[in-house]
Ligand SMILES: NC(=O)C1=CN([C@@H]2O[C@H](COP(=O)(O)OP(=O)(O)OC[C@H]3O[C@@H](n4cnc5c(N)ncnc54)[C@H](O)[C@@H]3O)[C@@H](O)[C@H]2O)C=CC1
Ligand SMILES: O=C([O-])CC(=O)C(=O)O
């Protein structure tokens, strides 16, 4: 299950050799998330080729990371193939960055400042994701896409529409990364329950923004007063805001997100390599609810999402949040689809 992967990663020696060959491309690799995420991917024995792509800085990021002594190769490219790449003389551009990629992780785009919602990022990030996914459709149509760029509730539907328009949409391969919500839920519930977070695997469903994030705390078996349940639920829903406030204008979660993005990516690769029982949350096309895209635990396999799993019974308290969430989530999905249609 999902939580059992975390201690395995934390305690593993980073020197074991890769069992399979896998190319991971990070788009937005020079950013606050992209740099530590690329570093963690360089440490993974499941990654044999790491491609760092951004509009700035990637030859430097790739050169730096390439000195980490693991067996994988690192390449860095900018949009202009003639602008210089790492290794010097290698082919740059989006085509070179994406060709042969098995997993493309996308943290490209602007982050929030205090007072903004994730939806306030839509105008900038929607077209960034659209353009990058067009590149994926052309150069690596079979890759699994792991979309981090906010607002995830809308950028994933945009990605799906772009791929549909190009005739290469496979719902098993388009995922919004909601892993950080589960990381937060495990951390905060661990504190509440006096348990090591690695022993928890809180189910978090819905989307990735405010009240569309619904942690199913009843399933942990924790004892909580009504006030504690409310405080923990709201803290998980608005965990991103906690970091945005603390960073005071310097961005949003980067380090915890790099960790979460890495855990997600490595688990996708493990499943591709044939490991069984890889279950983790993802925001995917789903028929579990009225919302066309919905985050729930998913079983991953060789081709991405093998099965969208259910999430069990909701308590009356959780049902109240669920009923508020669905219209908001549907509106954010529609906003993404409308953008892609125009
Ligand atoms: N899904 C999640 O749980 C989370 C999502 N995020 C989102 O991740 C995104 C990135 O956040 P940060 O890394 O903190 O931002 P950042 O500003 O530090 O980095 C973003 C990077 O994207 C690059 N970029 C911009 N346009 C690009 C393009 N067309 N092609 C390639 N690269 C491009 C920038 O040059 C920059 O290096 C934001 O939208 C943020 O809201 C952040 C935390 C958690
Ligand atoms: O809050 C933000 O804007 C970044 C994010 O998605 C998170 O930290 O969950």
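Every residue, even glycine, has its Cβ placed from backbone N, Cα and C.
Neighbour density for residue 208 (active site, proton acceptor): within 10 A of its CB lie 28 other CB atoms from the protein chains shown. Here TrEMBL flags 208 as active site, proton acceptor.
DSSP classifies residue 150 (substrate binding site) as coil under the three-state reduction. Neighbour list (residue 150 (substrate binding site), Cβ cut-off 8 Å, at least 6 residues apart, same chain): 109, 111, 112, 118, 121, 125, 208, 209. Positions annotated as NAD(+) binding site by TrEMBL: 28, 29, 30, 31, 32, 33, 34, 54, 125, 148, 149, 150, 257.
What TrEMBL records for 112, 118, 150, 184 is substrate binding site.
Sequence annotations record features per position, and here TrEMBL assigns domain 'Lactate/malate dehydrogenase N-terminal' to 23-176.
What TrEMBL lists as domain 'Lactate/malate dehydrogenase C-terminal' is 178-339.
A simple Cβ count within 10 Å picks out one of the binding-site residues 125, 149 as the most packed, and that one is 149. Listed in sequence order, 33, 37, 107, 148, 180 are the same-chain residues six or more apart from residue 257 (NAD(+) binding site) with CB atoms under 8 A from its CB. Only 112, 118, 150, in sequence order, out of the binding-site residues 28, 30, 112, 118, 150 have a CB under 6 Å from ligand 2. When every Cα pair among 112, 118, 150, 184 is compared, the largest distance found for this substrate site is 18 Å.
When Cβ atoms from all protein chains are considered, those within 10 Å of residue 118 (substrate binding site) total 26, not counting its own.
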